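Chemist: First the structure, then my questions, so here it is.
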Amino acid sequence: MAFLSPISLSHDPPTSLIAPRTIDSTQIFGSKLKSGELQHTQLRLTANSRTTPGLTMSASREPPALTQEHRNNKLETVVETESGTDLFDNLKRRFLSFKKHKYMENLEHYEQLAKNQEPKFMVIACADSRVCPSAILGFQPGESFTIRNIANLVPPFEKGPSETNAALDFSVNTLKVENILVIGHSCCGGIRALMSMEGEGDSSNFIHNWVIHGKNAKLKTKAAASNLNFDQQCKHCEKESINRSLLNLLTYPWIEEKVREGVLSIHGGYYDFVDCTFEKWTMDYKETSLNEEDGRISVKDRLFWC
């Protein structure tokens, strides 16, 4: 009687059963393939091979950039490519850290916030990624109602609806905030665009149509700082536009009324991220002139943090 040779159950079957294959990784990934990604794929494959019954032994012998799985006679190819996955993995870690160290450790506070909010501040800041009010001033959830736009501008009341004055309406009339803080900053691209515009700018350009709200700040800058170079004029206008926005806030009847009654205060702030300093000032309503074109702001309680 002839005996059959025992079948090997080794994870490394005889090479005669598997035709050697070579795959040019550049055909899959192009020139941006990183060695770290190859190693990551190999590790994922090893983990999957232990838990996926339909995975053939030959899969573990594929080049690490390519995993082949045979299920129901269908070939599925999983390819690791450069994408935004790592970015969202990082966001996931940040969120879980927040949940563990902030949310769960202050659960009673967040449960209360789930019912209602009572912020003391309405903050108007620039959309610039370098100028996050919560990061700079340490605002915690529930402390500030915030709107961010290009160049932290406040359009005058007569210009009609915008997301900025909608946020002002809600924060002042519904949330009853006690302070409005307009925060400008150094190297502002929106102010630079404003200062670079010829006349009213291009009416078909969204940025021009928005920053034109700061034209009075530009005119005052040109009049007061014409002897300065362009970069210095932009820095001057960054602060002038904050004060112009503070004056524009008073064109809203319900804001002006509350400021006059002393239940609402208006403040300006300027963050210089070149040397990390912050300047804060408060509008002195009684000494401020409200003329449309020649409005003059008077300030008090000026502070400089460095």
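Even glycines carry a Cβ here, placed using N, Cα and C.
TrEMBL lists these features:
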BINDING   CYS126, ASP128, HIS185, CYS188  Zn(2+) binding site
Chemist: Within 8 Å of the centroid of the Cβ atoms of CYS126, ASP128, HIS185, CYS188, which other residues of that chain place their own Cβ, given that this set defines the recorded Zn(2+) site?
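Modeler: Neighbours found: ALA125, ALA127, ARG130, VAL131, ALA151, ASN152, GLY184, SER186, CYS187, GLY189, GLY190, ILE191, GLU238, TYR271.
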Chemist: CB neighbours of CYS126 (Zn(2+) binding site) within 10 A?
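Modeler: A 10 Å sphere around the Cβ of CYS126 (Zn(2+) binding site) contains 25 other Cβ atoms.
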Chemist: Using a 10 Å radius around its CB, how many other CB atoms surround ASP128 (Zn(2+) binding site)?
Modeler: 19
Chemist: Sort out the sequence-distant neighbours of HIS185 (Zn(2+) binding site) for me: same chain, 6+ apart, CB within less than 8 Å of its CB, listed by position.
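Modeler: Counting only residues 6 or more apart in sequence, the Cβ neighbours of HIS185 (Zn(2+) binding site) under 8 Å are CYS126, ASP128, ARG130, VAL131, ASN152, GLU238, TYR270, TYR271, ASP272, PHE273.
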